[in-house]
Amino acid sequence: MNESLLRKNIREIKAYVPGKTISGLIKLASNENPFGPSPKALEAIKKETSNLHIYPDQSSNKLREALSNKFSLPAECFVCGNGSDDIMQVLAASYINQGDEVIISKNTFSVYELVSKIYDGNAVFVDLKEFAVDLGAISSAITSKTKIIFLTNPNNPTGTIFTAGEFDSFMKNIPENIIVVVDEAYAEFVESKDYPDVLKYIKQGRNVIALRTFSKFYGLAGIRIGYGIGPKELLAPLFKVKMPFNVNRLAQAAAVAALDDKKFLEKTFKNNAEGKKYFYSEFDKLEIDYKKTEANFIFVNLKRPAEEFAKSMVEKGVIIRSLQSFGLPQAIRVSIGLPAQNKKFVSLLK
Ligand SMILES: Cc1ncc(COP(=O)(O)O)c(C=O)c1O
C-alpha cells in the first residue's frame with residue numbers, strides 16, 4: 001500500500017491497543033464487570049431477538065426517556081452511541097475543523113487522540129501531575145484555536161478524580177467557544193463526595209458534554225452502548241452526523257433494562273468498594289506504589305518494565321494491563337475483579 005495515498009493525519013495514527021482476552025484466564029485488563037452482564041439486560045435481549053428483522057429506533061428514544069427520568073433532564077439532552085467512543089467520533093466529526101486544537105491529557109484513553117486526528121484536528125497534549133489530570137495546565141494550554149477539551153473523570157488509567165471545586169474554578173476560565181467533554185465512563189463507581197456535578201453546567205446551557213457508558217458498571221461492554229449528555233443545541237448536530245442506526249435493537253433494550261437493575265448495580269458497587277480496600281491493604285503490606293482509585297481499576301507504579309511483568313502474569317493465568325501503550329512503560333492497571341480473582345492476582349504479585 002502506498003503510504004502517500006493516506007491523509008496526513010491518518011498516517012500518524014497508532015492503532016488502538018485493547019486489553020487481551022484469552023479464554024480460561026482471569027481477565028483484569030479491560031475494566032469490565034466481573035459479574036457479567038446485568039441479568040435484567042439479558043432477559044430484555046432475549047425478548048428483543050424476535051424483532052431483529054426490524055430496524056432499530058434511530059434515536060434510541062426509549063433509552064433517552066429512561067435517561068431523562070434518571071437525570072431529570074429533557075430527553076433532547078441525551079444522544080446514544082455504539083459505545084461512548086462512537087459518540088466521541090460523532091462529536092469530533094460534528095465540530096472539528098482542520099487545524100482546530102483539541103486538548104487532551106497525556107497518558108490517557110487513546111480514543112480522544114484518534115478521533116481528533118481522523119477529523120484533522122491538532123491534538124495538544126498536557127502532562128499529568130502526579131498521575132492525575134492537571135486542570136491548571138490544561139487551562140494554560142488554551143489558545144484561540146482550541147475547539148474541544150477532553151477530560152476524563154475518573155481518569156483512565158490512574159483512577160484519580162478532579163473535584164467539584166477544581167472543576168468549578170476550571171470552568172470559570174473556559175471561553176464559550178470551547179466544548180468541554182467530560183468522559184465519565186467510571187462515574188458510577190465513584191465514592192468521593194467531591195465528585196463534580198457536570199450536569200449543573202449542562203442545565204446552564206454551557207458547551208459541556210458528559211459521556212457515560214454501559215460497558216463498565218452495567219456489564220454490557222460486548223453489546224456496545226454509551227451516551228452523551230449535553231445542552232440540546234450542542235447535541236442536535238450529532239443526530240445529523242451519526243449513522244442512522246448506530247445503536248442496535250439489542251443494545252437499546254439491554255440498556256433500558258440494565259438502568260433499572262437495582263440489585264445487580266448495588267452488588268457491583270459493593271464488590272468494587274470492597275475489592276479496592278482489599279487491594280489497598282495488600283499493596284500497603286507489599287510496599288507497592290499505587291494510586292487510590294475512584295474507578296473499577298487500580299493504577300500500580302511498578303517502577304520496572306511493565307510489559308515483561310504483564311507477560312509473566314499471563315503465563316500464570318491472570319491478564320492485567322501493561323500501560324506501555326499509554327506511554328507509562330513502568331506501570332500497570334489492574335481491574336477490580338471478584339474476591340477470588342483479586343486474591344489470585346495478589347498471590348502472584350507476592
Ligand atoms: C475513559 C474511557 N472512556 C470511554 C471508554 C469506552 O467506552 P465504550 O465501551 O462505551 O466505548 C473507556 C473504555 O475503556 C474508557 O476507559
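Just so you know, glycine gets a Cβ as well, placed from its N, Cα and C.
TrEMBL does not curate its annotations; it predicts them automatically.
The model shown is predicted, which means the values in this text are computed figures rather than measured ones.
Summarising model confidence by region, the domain 'Aminotransferase class I/classII large' (25-345) averages a pLDDT of 97. Sequence annotations record features per position, and here TrEMBL assigns domain 'Aminotransferase class I/classII large' to 25-345.
Under the heading N6-(pyridoxal phosphate)lysine, TrEMBL lists Lys216. Counting only same-chain residues six or more apart in sequence, the Cβ atoms lying under 8 angstroms from the Cβ of Lys216 (N6-(pyridoxal phosphate)lysine) belong to Asn31, Glu32, Asn33, Ala185, Tyr186, Glu188, Phe189, Asn296.
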